[in-house]
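Student: Before we start, here is the structure in question, set down as structure tokens.
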């Protein structure tokens, strides 16, 4: 099995986007559909999707948009500074705002208490807070959010990597989402591979990164 660290994966992504001119929004869409492909939509009909404001969050919003288009019940929780949102995040957020008003930005412990009650009503949580680029201890609202996700003990799917896990070493950056399923995009991430607790829960899905990009970097 091919395994890469976070820096190598970033170089592959950048080569595909900058050199081969694969639109990043296309990769986001393929990532979203890869996650949905692995959900039993007859059993799982209501979702809380928790997103950061970067590209992992963009994947989460694209998942939300597709599920909303299918008529599923979706709540979206945004964790992070929206002034730092990626362009792909913004595009998907603008679309989601036209499909639902259940978009929340928890800012306080009181907001989290409301969120905790809301999470009890959904069948599935999708974790798209942090991707492989996390290199700092998780604190503040993000730490509370991850702790809350774990405390609900709801079936949880992580996009690419469990939020809070180091993409290279598998170490914990404080709180880590205890995922039931991980959909890893294109290539297994070393941090997941090194953590046996997560490795066996991981499915690798092709999201359309050309093999030429992979060969150019590896």
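Here the Cβ of each residue, glycine as well, is placed from N, Cα and C on the backbone.
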Student: For the K(+) site that Swiss-Prot gives with 56, 127, which of 6, 163, 169 also belongs there?
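Tutor: K(+) site check in Swiss-Prot: besides 56, 127, the record includes 163 out of 6, 163, 169.
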Student: Among 81, 101, 160, which residue does Swiss-Prot annotate as binding (6S)-NADPHX together with 55, 56, 57, 58, 59, 131, 132, 133, 134, 135, 136, 137?
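Tutor: That (6S)-NADPHX site, as Swiss-Prot gives it, pairs 55, 56, 57, 58, 59, 131, 132, 133, 134, 135, 136, 137 with 160.
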Student: What does DSSP call residue 56 (K(+) binding site) in the simple three-state scheme?
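Tutor: In the DSSP reduction, residue 56 (K(+) binding site) maps to helix.
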Student: What is the number of other Cβ atoms found within 10 Å of the Cβ of residue 160 ((6S)-NADPHX binding site)?
Tutor: 28
Student: Give me the largest Cα to Cα distance among 55, 56, 57, 58, 59, 131, 132, 133, 134, 135, 136, 137, 160, the residues the record lists as binding (6S)-NADPHX, in Å as a whole number.
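Tutor: Greatest Cα-Cα span of the listed binding residues: 23 Å.
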